[in-house]
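**Q** Here's the feature list from TrEMBL:
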SIGNAL    1-21  signal peptide
TRANSMEM  296-313  transmembrane segment
DOMAIN    299-355  domain 'TM7S3/TM198-like'
TRANSMEM  320-339  transmembrane segment
TRANSMEM  385-405  transmembrane segment
DOMAIN    388-544  domain 'TM7S3/TM198-like'
TRANSMEM  412-435  transmembrane segment
TRANSMEM  447-466  transmembrane segment
TRANSMEM  473-493  transmembrane segment
TRANSMEM  526-544  transmembrane segment
Amino acid sequence: MGLLRLLVLAVLASEPRAAGGAETVGNSSEGLLEFSVGKFRYFTLKRPSPEEAILRHISSNVTFLIFQTHSQYQNTTISFSETLLPNASETGTDKGLVFILRPEQSMCTWHLATLDAKPVQNVAIPLSYSERDPIPGGCNLEFDLDIDPNIYLEYNFFETTIKFAPANLGYARGADPTPCDIQTGRGSRWRLQYDVYQYFLPENDLTEEALLRHLRRMAEVPQVKASAVKVVTLTANDKTSVSFSSLRGQGVIYNVIVRDPFLNTSAAYVPAHTYTCSFVTTEGNCSSLGRVSSKVFFTLFALLGLFICFFGHRFWKTELFFMGFIFVGFFFYILITRLTPLTYDELRVTSSCVCEVRGRPCSTHLPSASYSRLPFRVLHPRGEFSVLLALTAVAGSVGGVFLAAVWWRFGVLAPCLLCVGLVLGFLVSSVTFFTPLGNLKLFRDDAIFWVTFSCIAVVIPVVFIGCLRILNILTCGLVGSYSMVLAIHSYLYTSLSYITLNVLKRALHVDFRGAFLNVPFQTNDFIILAVWGMLAVSGITFQIRRERGQPFFPPHPYKLWKRERERRVTNILDPSHHIPPLRERLRGRLARIKELFRKEQPAGERTPLLL
């Protein structure tokens, strides 16, 4: 029997090893999953049958291992033992554990399980590190695990925040770890640096296969550096928390690489992903980016915007209604959102939900991709989005009617064109801060940001003060065509909608000033950008050619109406002069209506003849 065991071990040792990061199936028996270092493994977990993961033949120069598992939105529990302990197990969609190896240890085991009723598709990988590599989460004081390599995600409508535990210096097997906070010199963990990376999934691709495939690019240090974008580098003195603008319906993967600049070594945390939405809720889930009310609102808004894009200058009062609607509706929305409890239901995904998990609020350990399939109870607040949208539409309509009425009654161009120019200036300023300029640390100060933003917006009407018709036509073309982008975002994700949404978030949420405004710019965005540019150029060109030789602006409507009324009164040859007064016309119509209900009198003799 002993000879047979030696022969089996010899055969296993002689098997060729695959390249790092490749996919492997491995030998597995019932309830047992075998892994290899640096090899990804796909497997399916079911609730009644937990699995045991085993890693054999660990090299002697490996000091610690990070075993991580990922799923799209269903939770997986990973533990050191079959008994789940708070400081030895983690539950979520992107979770991992650090295993500190003992001297002469060459095998490790983990336990995997799920509480979800449906089977959970997972991908997992064990990664090995030496004694010179820093240990991710080695100085954890905030979360449950003694050594926590996980990245914790919290998101709401405005921002997505990642948090992670500080790392510690590596050490040899059997040695004691370096104290975390006793000294702050060069020989302590305070020399470590943290590079935060962001990776965007393909736009409008919510499939599980795409996520698990791209997660493989964010697990190991070389792949992360080659595939993702480094957003910021933190030192040990900085807070281990970074905020990003929430992109609802867009998959994003985050990871942190801790570097030891003194030894030139590094290690990666466990990557975490989010779509900033839920996959299982019936309304407002990831497959449907907006409610029916928002789709109807932005569709009608886009139709009116297209009309303004090509005919706005000719139909001057309709354009004034459109610009007044935007101007008043935007400020009214900010005002009512900040002063009343009316808000999007998405705003309170994390902050106002009530849940039960180890006595902590749900925002402490919110899963990466979804909060709807957790092994604990979550209560959702009822949103009031339709009420807020209706009030905004009413306020915007009142503002549009008021601006058109001001022009009709007084005929003064200055206030009307000032409003039109400010709307164009708002769009130009929003585009300016949509560029990498918006991520500058200087503009995280609200005073500097809003002063700069307002100056850019005011400069636009000042620049065109000598050619007001060109200003008006440019506004019609650019703003009217951009309404199509907002309408498309109600049905399909596009990064171009965040040109204005980021400004709106900044005005509504105080903490949004510290968020990074990175967005993906992929094939769909290039197509929509081309459509936007084509519509804008076509509308501007069409209106300039059509208005050539015409008066710059229509005459005063109230004076025309008054002049026409006087002409009708004094000119007896005008047929309209002989039109009866309104009272007599109404009386005549009422008499006609009465005739319809009057009983018809019989005609002819109906009495019998007298003999």
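All residue numbers here begin at 1 and follow the chain in the order shown.
A Cβ is built for glycine as well, from the same backbone N, Cα and C atoms used for every other residue.
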**Q** Determine which recorded stretch among 320-339, 447-466, 473-493, 526-544 has the most C-beta pairs below 8 angstroms with the transmembrane segment (385-405).
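**A** When the Cβ pairs under 8 Å are tallied, 320-339 comes out ahead.
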**Q** Cβ pairs under 8 Å only, please: of the recorded stretches 320-339, 447-466, 473-493, 526-544, which one is richest in them relative to the transmembrane segment (412-435)?
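**A** Comparing 320-339, 447-466, 473-493, 526-544: 447-466 has the most Cβ pairs near the transmembrane segment (412-435).
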**Q** What residues elsewhere in the chain lie close to the transmembrane segment (473-493), defined as a C-beta under 8 angstroms and at least 6 residues from its ends?
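**A** Answer is 203-204, 247-250, 289-290, 294-295, 298-299, 301-302, 304-310, 312-313, 319, 322-323, 326, 420-421, 423-424, 427, 464, 499-500, 524, 528, 531-532, 535-537, 539-540, 543-544, 547.
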